[in-house]
Amino acid sequence: MKKGNLEANTKTVPFYKLFFFSDSTDVLLMIVGSIGAIANGVCSPLMTLLFGELIDAMGPNQNNEEIVERVSKVCLSLVYLGLGALGAAFLQVACWMITGERQAARIRSLYLKTILRQDIGFFDVEMTTGEVVGRMSGDTVLILDAMGEKVGKFIQLISTFVGGFVIAFLRGWLLTLVMLTSIPLLAMSGAAIAIIVTRASSQEQAAYAKASNVVEQTLGSIRTVASFTGEKQAMSSYKELINLAYKSNVKQGFVTGLGLGVMFLVFFSTYALGTWFGGEMILRKGYTGGAVINVMVTVVSSSIALGQASPCLTAFTAGKAAAYKMFETIEREPLIDTFDLNGKVLEDIRGEIELRDVCFSYPARPKEEVFGGFSLLIPSGTTTALVGESGSGKSTVISLIERFYDPNSGQVLIDGVDLKEFQLKWIRGKIGLVSQEPVLFSSSIMENIGYGKEGATVEEIQAASKLANAAKFIDKLPLGLETLVGEHGTQLSGGQKQRIAIARAILKDPRILLLDEATSALDAESERVVQEALDRIMVNRTTVIVAHRLSTVRNADIIAVIHRGKIVEEGSHSELLKDHEGAYSQLLRLQEINKESKRLEISDGSISSGSSRGNNSTRQDDDSFSVLGLLAGQDSTKMSQELSQKVSFTRIAALNKPEIPILILGTLVGAVNGTIFPIFGILFAKVIEAFFKAPHELKRDSRFWSMIFVLLGVAAVIVYPTTNYLFAIAGGRLIRRIRSMCFEKVVHMEVGWFDEPGNSSGAMGARLSADAALIRTLVGDSLCLSVKNVASLVTGLIIAFTASWEVAIIILVIIPFIGINGYIQIKFMKGFSADAKAKYEEASQVANDAVGSIRTVASFCAEEKVMEMYKKRCEDTIKSGIKQGLISGVGFGISFFVLYSVYASCFYVGARLVKAGRTNFNDVFQVFLALTLTAVGISQASSFAPDSSKGKGAAVSIFRIIDRISKIDSRDESGMVLENVKGDIELCHISFTYQTRPDVQVFRDLCLSIRAGQTVALVGESGSGKSTVISLLQRFYDPDSGHITLDGVELKKLRLKWLRQQMGLVGQEPVLFNDTIRANIAYGKGGEEATEAEIIAASELANAHRFISSIQKGYDTVVGERGIQLSGGQKQRVAIARAIVKEPKILLLDEATSALDAESERVVQDALDRVMVNRTTIVVAHRLSTIKNADVIAVVKNGVIAEKGTHETLINIEGGVYASLVQLHINASN
C-alpha cells in the first residue's frame, strides 16, 4: 500500500455542508436545539457570578449575623438557575440527537442510491464492495457524530465562553482584558491539534478501508482460500494494513495529549496572571475579592469551555473527512444515469439492434481496444448468435446493448434511435438479460424472481417459474418460494440459480432478450426444458445469444463469428457450413471431436448440472434457509445478551499482557496526572484567602501563588502527552492484536461456519472494524481513567480532611451527587450517538449484495427496489435513535439541576457552620474547592475517554469468535503426512446434510472407491450432490457418518493443510482476487514463493500464456474485483494455472471447462489431459466428451451412487440412469 494515496485522503468538506441534506423538520429541530444549547451555555457563567457574590458574603462578614441570610438568598438563586438549565439542556440534547439521527440516515441512503446509479465503469475503476460497506457502516457513524448532539454541545460551550466574557467585562474590565491575552494561545494550540488529528485519522480510516477490503475478498471466497491454503497470505496482507493504521493511531494519541498539556499550561498560567494582577487591582482600584475571583473563574471556565469544545472539533474534523469521500461520490454525475428520466419513451419498440462503427475499450484498461470499428445489424424478431474465442468481445456486445458502457465512438442503435437518446430505465425495462454467472440477492426466491417486474403478483411469479422449469424444485424446498437463497445464491445449485434467473427475465417480458451463456450451468433434463422455455419466449422477440456450445446456436437466424473484436463471418448455420475453411466450420470441427459427443453436445448442461451447492459457493456461503436464518438470528441476540455479562475484565486485560511495562509506566504518569486538579483546588482556596489579607501580605502571597500556578502548568505539559502516548501504544497494539487474532480465527473457521447468516463477509468485515476498536476502551483507556480518578479522589480527600473534617464529611455526603451527576453527563455526552452497529449489519448486507451484483441491479432497474429493502431495514434504527434522544435529554437536564442544587446546599451548610463558629470561611472554600475540583477533574478526564459500555458488547462478539473452536481447522498441525501419496480415495457409507438445511439429506450411505491415477467422472442431475463430493474430499465439511480415506488413511487423521495441498481444485465460477495475474497464479503455492519460471510454465500448460502476454501489462495486469476484468474463459485458464502451480497429486475439476469456447476448451482440455496423467482426477461435468474418456463414471442419484462403470458398460444397461441421460441428450440435440 503506497503512502501516497493515504496522504491524499485528508481532504474534508466545509462544515455547513454536512447539513446539506436536512429538511424543514430538521431545520426547526436544529433551531430549537441551538436556542436550548445557548441558554444552557449561559447558565454556567451566571453560576460564577453567584459564586462571586457568595465569596463577598462570606469573606468579610466573618462573625456577622447576616451571613446566613445573605448566603441563603444566593443559594436560592442557584436552585432557580438549575431549573432553567434543566429545560435548556433537555431541548439541546433531544433536538440535536433526533435531527442528527435523521440526517445521517438520509445521507446513508442517498449514498447507497448514488452508488446504485453510477455507471458500471465506476465499479471497474473506483469502487469496491468492501469500500462501500466500510463507508456505509464506518464513515456514516463519524458523520453522525459530527452533526448530532456534538453540535449542540459545541454551541453550549461556545455560549458559555461568550457569556462568560460578557459577565467578566461587566465585573472588572481591566482584569478581564489582561487575562484575555491568553486566549489566542489557547485557540492556536486547539487549532493545530485539530489539523494534525484530522490527518492522522484520515490515514487511519484509509488503511482500515483497505484492510476491510482484504476481509471482504478473503471471506467472500473462503472456499478458494481454504482450498489453496491461502490463509497465511490473507493474514499477512491484513496485518500489513492494520500496522499502518496502528502507527497513525499512536501519532494521534500523542498529539492529542500534547494539545491537552499545552492547554492546561495556558490555563494555569492564566490563573497565575489573574492572581498576580488581581492582587494589584484590589490594592489600586478597590476591586472586591469576590469580583476578582468572579472574573478569574469566569475567564478561565469560559476558556475551559473552549478547550472542552476540542473533542467536538475532533469529531467535526473526523466527520468532515469521512464526508468528503461520501459526498464526492454523492455528487458524482454518472456518465450513464439510471435515475435520469429524460430521454425518449416510445409506444413500444420493434427491437432492431444495430452497432455502427463502434470503438470501445473498458474504463479499467483504456489502452486496450476491444472493438475498433465494430458493426453488426440484428433485425427485429430474429435470433442472432455470437460465437468466437474466449475474450473475443462477445459479452462486450451484450454490455453495450444493455448500456452498461457507452462506446468511445460509433453508435448503438435500437430501432434506429441511438441508445443514449432513450430514457435509460425505460429501455432497460425492454431488455431481459440472463448471464453466465447468475447473480441472486440474499433474500427469498420469490423476491429474487420479483426483481423482474415491479409489483408482480404471486401468480405471475409462479407462472414465470413454471416457464423456466424452476417450479418443480422450488416446490420440493421446505419453504417453497419463501426459501432464502443465501449470499450470492449459495444455497442453490448452479442449475437452480440459473432457472431462477431465467424466471426473473421471463417475468420482465422483454422485447429484447440477451442470453449470455444462459444454459451453461444446467443438466440435460433442465437444459432441454429451459431451452424449450427460452424457445417459447424467444418467439417474436429479438434475441442475442452468446454461447460456446455451437449446438445451442444452430437454430439462430444469424450466426456472427467474432475474432479479436471483428466480425469475420456472418450467416445462418447452413450457409456458414458451406465454406469448409471458414472460421465457423473450424470452430465446429473443433467441437465435433467425434460424432457422438457432437450429437450430445447440446448438453451444455449435459449429463450433469451446475453442481450442487458446492461449487457456486466458491462465491460465498451465507444465509441459510429462511426459518433457520430467523431462528439463528434470534438465537444470536439472546446469546449476546447472556454473554454480555460474562466476559470478565481479566480476560480482556490478559490480551494486553505484552504491554504491561508500558501500562505500568503509563499508570504512574497517570497518577501524577490525577493529582493536578485537587492541587489546583488548594491553590485556589489559598488565593481567595490571600485576597482578604492585609495589603503587604496580599502583595507577597499573590506573587508566590502565581509562581506555583505556573509550575503546575509545566507539570501538565509533561504529564498529559506522556500518559496519552503510552496508552495509545498499549491500546493500539491491543486493537492490532485483536484484529489479527480475530481475522486469523475467522479465516481458519470450517467452511460450514460461513453458511450461517450472521457470518457473511459483510457482517464479519463490519465486526472486525468496529468491535476491535471498541475493546480498547475497556483496557488501556479505562485503566488510564481509573488511575487518574483514584489519584484525584485520594488527593482530594486528604486535602479536604486536613482542612476541616466536619465540612468535609457534610460535603462528602453531598458530593456523590456531583459524582453521579458528572457520570450521568459524561454517559450522555459519550453514549448519545446511537449504537448503530448491529442494526446496520443487516442493512449493510443489502448494500453489499447490491453493489456486488451491480450489473444485475442495473439490468433489472432494481435500484429503487434495493433502496426500499435498505430503508425498511433502517427504520428501526431511526426510531430507536429518536427514543434515545428523548431519554438522554431528560437525563442530561436533570443532571444540571442536581449540580446547581448541590452547590447551593454545600454553601448553605458551610454558612451555618461558620455562623456557629465551628469553622472559618477559608476552610469551607478549601474543602469545597478540593472536592468539587476533584469531581470536575474526574468528570473531565472521563469526558475525554471513549465510552466503554459499547466495548463490553464488542468484547462479547470478539470473544465469541476467538473462543469458537473451528471444527475443521487448517492451522491444526497434528495429523499424519504421507511420505508418498499414491492417490487411492475411498468414500465409505457416507451420509451428509448441510447444517443450514438439516432436513435435506444430500447423501445417504454413499460408497465410491477411486483408484490411484484413475479419472472418475461424477454425473447426475442438478443438485444431486456431485460438487458436495468435492467439498467433502477437501474437508470443507465432514460427513455426518461414514468415512473417507486417502491411501487407506482416514482424512480426519491427516494434517489438514498438507491434505489440501495435495489437491488442485478448479471450479465452475473461478474466484480470482483483486490483484495481478501473476499473484493470482502464484496463489496456488499456498503462501510459498512461486518462481517466475513456475508461473510461466503453469500458464503455458493452462493455455493462458498467450492471452496474458498479449495484454498490455502482461502478468502484471490487475484482474479487478472477482476477476471482472477478464472474460470467463480467461479467468478459468488463470484458475487452472493456479491449480497446476500447486503440482497436486489429486485434481478436482468442478465443471472446469464449462465456461470456455471451443478453441480454448480444446487447448485447456489438452492441458488438463496432460496434467491428469499419473494423477487421480475427479471430474464433475456435463459434457459427454469430457466424461466419456473417464476410467470410471459414477452416477449420483438420490444420495447414493446409482451406477458406476465405463461409458461402454453403462450405455448398454437397459433402462439404466446413465443410458437414459445419454438418450435424453440425443433427443435434445435432434
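Glycine is no exception: its Cβ is also placed from the backbone N, Cα and C atoms.
Swiss-Prot marks one residue of Asn616, Asn673 with the annotation N-linked glycosylation site, and that residue is Asn616.
In the shown protein chains, 24 other C-beta atoms lie within 10 A of the C-beta of Gly1023 (ATP 2 binding site). Taking the binding-site residues Gly388, Gly391, Gly1020 in turn, the residue surrounded by the fewest other Cβ atoms inside 10 Å of its Cβ turns out to be Gly391. In this chain, the transmembrane segment (78-98) lies out of contact with the transmembrane segment (177-197); the count of Cβ pairs under 8 Å, excluding pairs fewer than 6 apart in sequence, is fewer than 3. You'll find the Cα of Gly1023 (ATP 2 binding site) roughly 30 Å from the Cα of Asn1174 (N-linked glycosylation site).
Remark: the transmembrane segment (707-727) makes no contact with the transmembrane segment (889-909), by the rule of 3 or more CB pairs under 8 A.
In this structure, the recorded positions under consideration are Ser390, Ser1022, Asn1074, Asn1174, and the one with the smallest number of other Cβ atoms within 10 Å of its Cβ is Asn1174. Sparsest Cβ environment among the recorded positions Ser392, Ser395, Asn540, Ser1024, Ser1027 (other Cβ atoms counted within 10 Å): Asn540.
Summary: among the binding-site residues (Lys394, Lys1026), the fewest other C-beta atoms within 10 A of the C-beta are counted at Lys394.
Below 8 angstroms of C-beta separation, residues 29-30, 32-33, 35-37, 39-40, 43, 46-47, 50, 148-153, 155-156, 828, 832, 834, 881-882, 884-886, 888-890, 892-901, 903-904 of the same chain, each at least six residues beyond the ends of the transmembrane segment (78-98), sit close to that stretch. Burial estimate for the binding-site residues (Gly393, Gly1025): highest at Gly1025, by number of other CB atoms within 10 Å.
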